[in-house]
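Undergrad: Pulled these from TrEMBL:
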- 175-254: domain 'Beta-ketoacyl-[acyl-carrier-protein] synthase III N-terminal' (DOMAIN)
- 314-403: domain 'Beta-ketoacyl-[acyl-carrier-protein] synthase III C-terminal' (DOMAIN)
Amino acid sequence: MATNASGLFTTPTVPSLRGKIKPSIRIFGSGFRSPDGISKRVFCSSTFEGAEKHVGASPSESRAPRLVSKGCKLIGCGSAVPSLKISNDDLAKVVDTNDEWISVRTGIRNRRILSGKESLTTLAVEAALKALEMAQVDVDDVDLILMCTSSPDDLFGSAPQVQKALGCKRNPLAYDITAACSGFVMGLVSAACHIRGGGFKNVLVIGADALSRFVDWTDRGTCILFGDAAGAVLVQACDSEDDSLLAFDLHSDGDGNRHLNAAFKESETDELGSNGSVLGFPPRRASFSCLQMNGKEVFRFAVRVVPQSVEAALAKAGLPASSIDWLLLHQANQRILDGVSSRMQIPSEQVISNLANYGNTSAASIPLALDEAVRSGKVKPGHTIAAAGFGAGLTWGSTIFRWG
């Protein structure tokens, strides 16, 4: 069976079936929708019943795939943070700032920073194991691991190392998704596409970042904001009538990269030397710069696009804003959380926030906040959550899902 760029099944590759089975579902924008305009979330893989009559195969032999209604649900979560806690008062000892200046402008009072033998991989594994335990899913039943991070332990990605550390014996696919603070939302949507369009059953979505590695700790405009953490959820295939990931809305705008980036830069000194050979070769050593951010522009961007994205996802789900039990935004700045909830007229008591304790943990912020809310009993099975991520790229997106 052939797939399109989204991994969704199109037409079968068996010659005798071509022209006899027409796809009943097309994709319109972000989300799934049929020609008659009725939203459908029903992609999976299995076999066409009776296909052996066309290709001469017996039921025990290989059969051509068929479309089967399939949904997905979030059934487990977990999180992990480094042991080292850095308070605003601790920061005041290394940069010109103080607790009041930081807390009033950001809502942050503490953050966790990787130190010693800790690594992003170890945090991701701890969060994943907690999610699997809650979901009551064995590690060997995991089909796919999506590691959402922009600060992996290895340039080529950390997902395979997470898969190894978890002890997955069947070598499931594991790969990284790089979308910074929007990464976890992108990961959720990717998990849904793999389940609906690829036949996967259990997908681990991990959001983990250690932006402390890329922060200029002499710049009080950025160093006060970021912390390190990991959060994970287990997304599982289910019958279409039990589908809990209701809709999504995703966007990007590369023009905004100038407002938030950690660019790749060559060294100013030519350490290797050219030895009189080809000009400009060998290339100079290079690395990524410290994180650069225009706070005012990022604030304006977030408060403008996030409400629009959440409302678009709600419209695709056919739900009014009043149906939301919880608004779960990327934990970037308390003023952004307040600004978005105010524009959407969502009461502050329905906004999940743990920003004060952890700061901005990038791709980890949404699953970390979700895990704490679930384990504290705040979020209960059946609650409807509108989650939205936004940040570097610039990228942003939202998804509507029911927990449990």
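Heads up, the Cβ atoms here are built off N, Cα and C, so glycines get one too.
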Undergrad: Counting by DSSP secondary structure, give me helix, strand and coil numbers for the domain 'Beta-ketoacyl-[acyl-carrier-protein] synthase III C-terminal' (314-403).
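TA: Split by secondary structure, the domain 'Beta-ketoacyl-[acyl-carrier-protein] synthase III C-terminal' (314-403) comes out as 38 helix, 23 strand, 29 coil.
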Undergrad: In this predicted model, what is the average pLDDT of the domain 'Beta-ketoacyl-[acyl-carrier-protein] synthase III N-terminal' (175-254)?
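TA: Taking every residue in the domain 'Beta-ketoacyl-[acyl-carrier-protein] synthase III N-terminal' (175-254) and averaging pLDDT yields 96.
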Undergrad: Give the residue counts of the domain 'Beta-ketoacyl-[acyl-carrier-protein] synthase III N-terminal' (175-254) per reduced DSSP state, in the order helix, strand, coil.
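TA: Within the domain 'Beta-ketoacyl-[acyl-carrier-protein] synthase III N-terminal' (175-254) the tally stands at 27 helix, 32 strand, 21 coil.
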